[in-house]
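J.: According to TrEMBL, the protein carries these features:
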{"type": "ACT_SITE", "residues": "Glu336", "note": "active site"}
{"type": "ACT_SITE", "residues": "Asp419", "note": "active site, proton donor"}
{"type": "BINDING", "residues": "His335, His339, Glu415", "note": "Zn(2+) binding site"}
{"type": "DOMAIN", "residues": "41-225", "note": "domain 'CAAX prenyl protease 1 N-terminal'"}
{"type": "DOMAIN", "residues": "229-471", "note": "domain 'Peptidase M48'"}
{"type": "TRANSMEM", "residues": "20-38", "note": "transmembrane segment"}
{"type": "TRANSMEM", "residues": "77-102", "note": "transmembrane segment"}
{"type": "TRANSMEM", "residues": "122-144", "note": "transmembrane segment"}
{"type": "TRANSMEM", "residues": "171-189", "note": "transmembrane segment"}
{"type": "TRANSMEM", "residues": "195-216", "note": "transmembrane segment"}
{"type": "TRANSMEM", "residues": "357-379", "note": "transmembrane segment"}
{"type": "TRANSMEM", "residues": "385-410", "note": "transmembrane segment"}
Amino acid sequence: MGMSASLDAMWEMPAEKRIFGAVLLFSWTVYLWETFLAQRQRRIYKTTTRVPPELGQIMDAETFEKSRLYQLDKSTFSFWSGLYSEVEGTLILLFGGIPYLWRLSGRFCGYAGFGPEYEITQSLVFLLLATLFSALTGLPWSLYNTFVIEEKHGFNHQTLEFFMKDAIKKFIVTQCILLPVSSLLLYIIKIGGDYFFIYAWLFTLVVSLVLVTIYADYIAPLFDKFTPLPEGKLKQEIEVMAKNIDFPLTKVYVVEGSKRSSHSNAYFYGFFKNKRIVLFDTLLEEYSVLNKDIQEESGMEPRNDGEGDSEEIKAKVKNKKQGCKNEEVLAVLGHELGHWKLGHTVKNIIISQMNSFLCFFLFAVLIGRKELFAAFGFYDCQPTLIGLLIIFQFIFSPYNEVLSFCLTVLSRRFEFQADAFAKKLGKAKDLYSALIKLNKDNLGFPVSDWLFSMWHYSHPPLLERLQALRSAKQD
């Protein structure tokens, strides 16, 4: 009876109150669900203190314990940063932070001689202030993550000066892209008439394709040093593999990722007949800064008891050595190129653009509803940018959660298919050992809660991937 009465009372509320309440309720529901999943995984980190029998051949006890402690620290950090983020978002909504920032933006525009009719100008000031607020409130968390957690576990290679310069540079580059693109998008929505959603979608499609095209050539080099992979056996073998699967490779780069972190990666980019491959120096055994440091260290500490010295150094190097051998790098690239050959990249773009079109269409349907604006404190005006924010971020949030889960499931399927492609290239054995090395280098914890991994992991758990490769390896 009491439950029924409270539901009746809720439906008797004005529409804007119901919308606001539903948005807050859903936000906290998602947060509690994510926290529940994280606690399940945290329990795994706490209780799995010994290497399970099935991992005996894959991971030594020391690495297992290191990865367990690293993931525990990350889990604790994630809990507190997630709680802060949820509380901050709730307080901004409850105390009218969004309309306040809009009015503040209007005041700044007024000082510069721009009246309320300059809505796009006010929108750009709003975006600048909102992203500045986000950057400043996120900075302490980012500093702690980099200089406490990543530092403690041996991943961070940044100095505080490098970190701060990098953060400022990222903020400036983001504004240089965000503000012009946003102003054009808002202008298109304003003048587009009844079919503005089609023009807005086409504009965002063009922008995303341009950004993908120019990112690695013009944006990424602002932050990291890219050098062409020198002529040699590895480059030749990469070119041969690319040619064998008709991958139109034009350049291979090595990026100096070791300046910021010892985490490793590889990717390709470019459209049509202009594809490039990028390898992190931390992925390549012969490029790894850590390996050079170990060699120097071992060279600087000679012992006087002859043979025993080299054995100790060998053991030390074997334990600490980072990166993959050339054959393993080729296997990792075989997997990455599998994504291209099997059309995963194109499929992801199509799904993304279909979703983008649907969202703009629904935005066109909803933008005229004044109660949506009133729910978030906008009673006298309905700015287009605020409409985009409310509809895309808040109203679409249930749909976004479902879509995100479906894409995670699809991503895992694509990963298995890319592994199978590398297998067909005869790289099963090398990919098997590369996955183990990369897991060790990145301190990945190979035991996961089934519900946590199902909801979060875009890549299948290590054991499942190795199991799928093992049959081919034995063949």
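Using N, Cα and C of the backbone, Cβ positions are placed for all residues, glycine too.
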J.: An 8 Å radius from the center of the His335, His339, Glu415 Cβ atoms defines the neighbourhood of the Zn(2+) site; name the other residues of that chain inside it, in order.
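T.: Counting only non-site residues, the set is Glu336, Gly338, His344, Phe414, Gln417, Ala418, Asp419, Phe421, Ala422.
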J.: For the transmembrane segment (122-144), give me same-chain residues lying six or more residues beyond its boundaries with a C-beta closer than 8 angstroms to one of its C-beta atoms, as numbers and ranges.
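T.: Same-chain contacts beyond the flanks: 77, 81, 84, 88, 101-102, 104-106, 108-109, 114, 116, 163, 167, 171, 174-175, 178-179, 182-183, 186, 383-385.
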J.: Does the chain bring the transmembrane segment (20-38) near the transmembrane segment (195-216), so that three or more CB pairs sit under 8 Å (pairs 6 or more apart in sequence)?
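T.: Counting Cβ pairs under 8 Å (6 or more apart in sequence), the transmembrane segment (20-38) does not reach the transmembrane segment (195-216), since there are fewer than 3.
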J.: Which residues, sitting 6 or more apart from Asp419 (active site, proton donor) on the same chain, put a CB under 8 Å from its CB?
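T.: When sequence neighbours closer than 6 are ignored, Asp419 (active site, proton donor) has His335, Gly338, Leu431, Arg465, Ala468, Leu469 within Cβ distance under 8 Å.
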J.: Let me spell it out: take the transmembrane segment (171-189), skip the flanking residues so only those 6+ beyond its ends count, and list any with a Cβ under 8 Å from a Cβ in it.
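T.: Non-local partners: 119-120, 123-124, 127-128, 131-132, 135, 196, 199-200, 203-204, 207, 211, 219, 222, 384-385.
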J.: Please work out which recorded stretch in 195-216, 357-379, 385-410 has the most C-beta pairs separated by under 8 angstroms from the transmembrane segment (77-102)?
T.: 357-379
J.: Far apart in sequence but close in space: which same-chain residues, 6 or more away, have a Cβ under 8 Å from the residue listed as 'active site'?
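T.: Sequence-distant Cβ neighbours: Ala266, Tyr267, Phe268, Ile277, Ala418.
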J.: If you average per-residue pLDDT over the domain 'CAAX prenyl protease 1 N-terminal' (41-225), what number do you get?
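T.: Across the domain 'CAAX prenyl protease 1 N-terminal' (41-225), the average pLDDT comes out at 94.
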J.: Long-range neighbours only, meaning 6 or more apart in sequence with Cβ under 8 Å: which ones does Glu415 (Zn(2+) binding site) have?
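T.: Counting only residues 6 or more apart in sequence, the Cβ neighbours of Glu415 (Zn(2+) binding site) under 8 Å are Ser458, His459, Pro460, Arg465.
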J.: Which residues, sitting 6 or more apart from His339 (Zn(2+) binding site) on the same chain, put a CB under 8 Å from its CB?
T.: Thr345, Phe414, Ala418
